[in-house]
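Enquirer: Per TrEMBL, the features are:
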type    : residues                     : note
BINDING : 197, 220, 222, 224, 318, 320 : Mn(2+) binding site
SIGNAL  : 1-19                         : signal peptide
Ligand SMILES: [Mn+2]
């Protein structure tokens, strides 16, 4: 309402100026003169705005900004985007602290034509779910231990909030759905914009508080299950937790469901074959990036689905799973990766899985092209994730 009043005053002023210049515009310019299909994206959002997709303040996909960790602590939603601007666990190129801002800029155009996903036959922005951008978790760049706790607390604050929409009934049987969490509650979903990959340790600690040990689908050119002695040398306890070791720690803490978790797009060099033995012990199956040449996207999708089954699953996407030709702006780029098209196809192949929350990490916009290749790829990848989420409620039918 406040925005409309301000715009109204501004429009009147504009009309006055025009009139003084001698043109015969004597009626006020309508406030919705730049109405685009992206408007009214969630229930109750019918506010007229003069912002087009290329103007105004950047939120993910121009979604409404809610200060979920500030003055809007009681706000409810079904899906929340939240930034975790942390990059002090990086081994090579720093800069992922600017990832959330970059991804939001890369996402501006997502709803220019309305946001309908043709292959998935859904418009996540008009699916009845309340989807918001909660801004960023405050993260200190001076103390990793403290920052990791901030990220866990920020994520938990969103995850344990009341959902905006009820769980509803099963579309096939009409029977009421019950939550798939271990605490029996229906939780909203959180999509985190990283940040370097270290953030997944506190994110999985938060996920554990609602779902217990979770199956993980992890797209990355790197394993990230390295022992601290192998990756970084672990000179201190703090150094031992970084963007190459967080899955080792998550496994040690029992946060990951052993045997139903899987990496995709792996192609890094190793310290030696023992890294794969260690990776096995951390509970992961592996899909190598080069397997796309033999089994294709369909074969990769099948491997993932066969591994995860109908378990609740957490999805973590390192932008470096995509080839640097398509996504150069990242912390530890590796050639020989998947195209943006291939990763998007694989993500759509997860349709029907119970993805409880997700993230995209390692986007470091300072290394991007002027054409915003990487941040656009990150935004489009999350659009596929959001579409899959919109189609499948986080519930099951009791049998
Ligand atoms: Mn990586």
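Placed from the backbone N, Cα and C atoms, the Cβ positions cover glycine too.
Remember, TrEMBL labels are computer predictions, not curated facts.
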Enquirer: Could you name the residues, excluding 197, 220, 222, 224, 318, 320, of the same chain that surround the Mn(2+) site, i.e. Cβ within 8 Å of the Cβ centre of those residues, in sequence order?
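Expert: My list of surrounding residues reads 218, 221, 243, 321, 332, 361, 362.
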Enquirer: If you count other CB atoms within 10 A of each CB, which of 197, 222 wins among these binding-site residues?
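Expert: For the binding-site residues 197, 222, the Cβ with the most other Cβ atoms within 10 Å is 197.
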Enquirer: Under a criterion of Cβ-Cβ distance under 8 Å and sequence separation of at least 6, what residues of the same chain contact residue 224 (Mn(2+) binding site)?
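Expert: Set apart from residue 224 (Mn(2+) binding site) by at least 6 residues yet with Cβ under 8 Å, we have 197, 200, 218, 243, 244, 245, 246, 247, 248, 318.
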Enquirer: CB neighbours of residue 220 (Mn(2+) binding site) within 10 A?
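Expert: Residue 220 (Mn(2+) binding site): 26 neighbouring Cβ atoms within 10 Å.
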Enquirer: In sequence order, which residues at least six apart in the same chain have a CB under 8 Å from the CB of residue 320 (Mn(2+) binding site)?
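Expert: Once residues fewer than 6 apart are set aside, residue 320 (Mn(2+) binding site) is near 220, 221, 222, 327, 330, 331, 332, 333, 334, 337, 362.
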